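Annotated features, as they stand in Swiss-Prot:
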{"type": "BINDING", "residues": "30-33, LYS51, 87-91, GLY415, 479-481, ASP495", "note": "ATP binding site"}
Amino acid sequence: MAAKDVIFGGEARARMVEGVNILANAVKVTLGPKGRNVVLERSFGAPTVTKDGVSVAKEIELKDKLQNMGAQMVKEVASKTSDIAGDGTTTATVLAQAIVREGMKYVAAGMNPMDLKRGIDKAVTALVEELKKASKATTTSKEIAQVGSISANSDEAIGKIIADAMDKVGKEGVITVEDGKSLESELDVVEGMQFDRGYLSPYFINNPEKQSAILDNPFVLLYDKKISNIRDLLPTLEQVAKAGRPLLIIAEEVEGEALATLVVNTLRGILKVVAVKAPGFGDRRKAMLEDIACLTGGKVIAEEVGMSLEKVTLADLGTAKRIEVGKENTIIIDGAGEAKDIEARVKQVRVQIEEATSDYDREKLQERVAKLAGGVAVIKVGAATEVEMKEKKARVEDALHATRAAVEEGIVAGGGVALLRAKQAAGAIKGDNADQEAGIKLVLRAIEAPLREIVYNAGGEASVVVNAVLAGKGNYGFNAANDTYGDMIEMGILDPTKVTRTALQNAASVASLMLTTEAMVAEAPKDESGAGGGMPGGMGGMGGMGDMGM
């Protein structure tokens, strides 16, 4: 086992903060409408130019092990915020840096880190409550477009295309992002359906880049029981193989010998097949299988209606233009079902919604309507070069996550204003002792950081702007894009509540861990110089022995 360095107390925390600052300083230059670009080196090909905070954070790995630990902890803040809310990574990083910087002063002054942490937690809980109170539901297409634009670094075209996509497939609909073929971004709406079940074995994957199985023009077999015996399936497999088309099997379960045989046939290239578990449970599973049958123009093979697997013909199978099966979900695009049958099915489910007694049942039935009627929207991102395409695609994905978050939990005023208003509303939080009070105070000071950074990146004087915004009320804030003050929501500067909330909670969580750190253990650096000097000496000795032998 390699030797370890153990560093304690102030020195450990100081080195960790150095790492935090290096990462946060690189990430925060991208914040706000006048944020700058960061260029990332690639081992081959052109470098990547980005304004996406989490992309910058993911690239950073520091040489000094202790600094690197600090940097990695803040990187965790960015990626966790990105995973949950899809945006707000730069805000989260700026907040984490500010809380750590303020907190370290108190720790150095001899305050109890555990009480500081309790104070921080109290402040964050109060601020999150205030954010939820201030939150406003997103209802109009215009608001959705504004959220998308802000998240895509003030690109209005991206906001508009996402709002159009949501208009077409509904807020619950499925929206995917692909590389386009032209200079302009385009929106395609495809009749389709998504359900939350993925492939039963990773050996079915035929697109390693997307880690998914893609079937073009496949047959779809729907069965409401388990398949464990391959003999039951053989007649169907032979017919499909003769037709030379792929097959998607959706059943309660495919296991044992049946699954093994399907995997072997796929690996040998004899048959392109993917097996997926049927979505839902109990009666809901049967209903969802019927939905898929309606969409693909097939039948559910069920023993209760006198059908069995051995007697299946190609006419009983559904078909679709394309099916994508990922690890956790399956998208059926352009099923061959008749439009009038799908309409009738949707009407039938809508009647059930009206008759439903529980909220849970109603919600599940509404999901089914969205899946049947909604379809899949595909945003094709257009750009002049591949470098621009990658950067733009990342921004579109960010914006899509942000708009979903806005639909889920509503919106608050953007540009760092919501946090300042929450601070004013939560001004009366009390701690149990002086150290907890200090923890509360440091959070209330740190939440000015996002606005300060936005102003700094726009070339303004941060303190002047913060004071002016604090003097205002409601959604009054600073628009850094054109250096004006006014109502942020009217100016279209919005943030999803979920993004602001997640950024604050994750930043405070990791910052608290850093403040309560007392020791760090890292691998000791290897002594390169000593080892290098020994080798030539040894070799020289051997040469001498040869001379003696002569």
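Placement of Cβ uses the backbone N, Cα and C atoms for every residue, glycine included.
Shown in sequence order, GLY415, GLU453, ILE454, VAL455, ASN457, ALA458, ALA480 are the residues of the chain, 6+ apart in sequence, with a C-beta less than 8 angstroms from the C-beta of GLY32 (ATP binding site). Taken residue by residue with DSSP, THR30 (ATP binding site) is part of neither helix nor strand, so it is coil. Look at THR90 (ATP binding site): DSSP puts it in a helix.
Within the same chain, residues at least six positions away from THR90 (ATP binding site) with a Cβ under 8 Å of its Cβ are VAL27, LYS28, THR30, LEU31, GLY35, GLY53, ALA78.
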